[in-house]
Amino acid sequence: MDGRRQHPHWAWSLLAVAVVAGGAAPTEASDNSPTSNSLEGGADTTAYWWGEWTKWTACSRSCGGGVTSQERHCLQQRRKSVPGTGNRTCVGTSKRYQLCRVQECPPDGRSFREEQCVSFNSRVYDGRAYQWKPLYPDDYVHISSKPCDLHCSTVDGQRQLTVPARDGTSCKLTDLRGVCVSGKCEPIGCDGVLFSTHTLDKCGVCQGDGSSCTHVTGNYRKGNNHLGYSLVTHIPAGARDIQIVERKKSADVLALADEAGFYFFNGNYKVDSPKNFNIAGTVVKYRRPMDVYETGIEYIVAQGPTNQGLNVMVWNQNGKSPSITFEYTLLQSPHMHHLPPVYYSFSEAASQSTESTERQELDSARLLGFMQHNGSLYRQTSSERLGLNSQLFQPPAPEVELGPSRGQESNEVCKQASGGVCEGPPRGKGFQDHNATGRAFSADKDDREISAHFTSHELLSANTISDQLLGTGSESEEFSLNETMNSIFAQGAPRSSPAESLYVDYEENEGPAAYLINGSYLELSSDRINTSSEAPFPNTSASPPNLAGNRTHKARTRPKARKQGVSPADMYRWKLSSHEPCSATCTTGVMSTYAMCVRYDGVEVDDSYCDALTRPEPVHEFCAGRECQPRWETSSWSECSRTCGEGHQFRIVRCWKMLSPGFDSSVYSDLCEATEAVRPEERKTCRNPACGPQWEMSEWSECTAKCGERSVVTRDIRCSEDEKLCDPSTKPVGEKNCTGPPCDRQWTVSDWGPCSGSCGQGRTIRHVYCKTSDGRVVPESQCQTETKPLAIHPCGDKNCPAHWLAQDWERCNTTCGRGVKKRLVLCMELANGKPQIRSGPECGLARKPPEESTCFERPCFKWYTSPWSECTKTCGVGVRMRDVKCYQGTDIVRGCDPLVKPVGRQACDLQPCPTEPPDDSCQDQPGTNCALAIKVNLCGHWYYSKACCRSCRPPHS
């Protein structure tokens, strides 16, 4: 059974269709090449014609998509040719193929490649039978790169064989999946037909034109960002062509988590190595530079489609502003192209004359239900309540607050149908993401304070909100909600008073506040905002109505200005706006002009008043700003080099320059120095409490014991000051026993390579590995050196006289400083095609190459650590620390390998602290994902410390 197939499910669900090439053009599946045999008239010639097709052969597989074939033969007959008439061979193919048994294999069965390798178990090689298993491209570097070569290995990894794979074996082409036919990887189109070249478009539609999906792009920028993890964006299930790119090189780290808060990589404040991950039903490729000096950018890409929602996170390590762009493609919902602008008006009847009825509570837990992806709303039968669905996103998002930002922030999302242009903030549609800031406005012509209570139940189309739910009348209060931190946007449209414009003022009783509503963070600020669709969205936040009574806002409605005698067609028109600022302050940018809808008197109104079909296209022009000046950029300061006494902190200082829009790169320091910019300091002194003389220890040496044997490892012990000042009774031990590795290590060899020359000069080489019983490659020191197979043999086309043959050098016998390396030098000859070892005199001892040579590794820098300090707590979980220093001789230096630096700080878990009676008033609020809040370390935030009071309590309290 082929349990390892990589074929999409849709392809196997299609019926197999036989493909036969007709006409004069032979197909790739043909296994014979027709020849032309045309004779002039009068001579005897041979006539050719096709015989009948044979029956279809048995399917090459029992499931998973095999191959069956038919053959026909070209028949011939000698006859007299007719003058002037050409006689040709059979034209076409003699063999044709089709797919068969396309149903999926049981998931717990063997793969088809495994079945083929297992079939060799009964065969004898070199006098013994082996157990064989397949090697796949992901876990072995093939001897052959042909996709239809079957690679098998013995279970112990000591032997490999390569044979042609059977027909029906899965293979992979560049942009199509395929199947092996007669040793060649033939394509299977997205229509499930063999030899078809039909491909999926970017929307995942077979032979589609790319118009059935929406391309979502956005960018994440935050000023004064808090340390720790923050949500960049939520990627819904079904997303394709995912790209998340960190545009500005920084110490930030991208991470990926599911909707429950489980991290796939770079989570829990640990950085994983860049590699490919199998996540959400697709391969996610994560790459990043290994250090700040390495070129390249950090990015996450995946082809998709995903089978679950994903949260893209960023781990901010220095509080600087990140710059991240993201994009992905989603299949369009049926309503996406036809979502009308939505206005929500509150009838005057809903507001009574008394103060108690004018003020209504805003149900913040349902506010985010205001916008739905299909533009519909929910209502309740009560005439005083407008129902809104509390589930803005599908699937539900994790309820995690990512920290308020008091500085500048802009996290924009733009959605477009394929082939369209994404320009500026979206208008008149809903655009979704998780890191959203909500805006809510309420207007009353008498400047009365007013708010609304939102609940959700019955589905109601947005087109009928005004008339069926909110009543009629020319004078009404209008409500608009814009979610703009990720540009989630619902733009109002007129119902019965199109000439009115709404402006909102805020009265501040205190500074900006924040609320968490269904997992989305809403920040409140006092910026003045109007409801025009051209209002700027980035860097702007607004507030929902007051929840605690400490904030009020007023609104005023402009009087209607309807011109008598002006026809509806002339009432509104499109007008090109003035040029927007250049998109770049330096280098070449783009300056855009957009159309805006204006009234007859020149007042800008909502775009929905004008005819969308006559809207002018945006105009884009290049604009040249000044050249970007180089600048110094610094990393964050390292920890102090010492936990006591005087030490040093270091940071990296590099010269950076914006070379082109969006391309920021490190450059030579000379450029920054030429501008006379002051270079920041790379080192500064740090002082901790004085420390007396203390013992310092290096790391343990490597155990040199052979398998199953015992030996001793050692470490250096030194006093931080004069040796006499340290207490001898507290001196740590300098050696301890160790045990060698298990005795399952064995030498494994590859096949011999080609011969490099003739007799006396030819060499053939193979690779020799030390492997465990499960096939893992380990250092050669774990295998017996005495039994290591030779990696170099003499070779040639005739017998060779004895000559010296040197093997490869072994590793240097020291990890630092000066040492010795050795190699094996043998006297060998080639006799009857086989290499033979001879005695040294036959080769001439005077000509023997050296077997030893000096070697020099990096300077002997070595890490030393002091003993652990006392735990910072007497009960519960605390922290203990130690000094970590890098020495070269007696000098403290910076040359040690940071990858093997010992930890200088670790948690210490002592006995539980005395418990107190539980506080029943401290409970978690329903609907708050407290498990996720704890996982991303948000208990210190003011909201979660209350909303997750019970979960965030210290342990044992």
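Every residue gets a Cβ built from N, Cα and C, even glycine.
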For Cys90, which disulfide partner does Swiss-Prot record out of Cys74, Cys105, Cys117? Cys74
I want to verify the bond table. Which candidate from Cys63, Cys100 sits on the other end of the disulfide that Swiss-Prot records for Cys59? Cys100
Among all protein chains shown, how many Cβ atoms are found within 10 Å of the Cβ of Asn813 (N-linked glycosylation site), not counting that one? 11
Confidence over the domain 'TSP type-1 1' (47-106), expressed as mean pLDDT on the 0 to 100 scale, is 80
Compute the C-alpha separation of Asn737 (N-linked glycosylation site) from Asn813 (N-linked glycosylation site), stating it in Å without decimals. 21
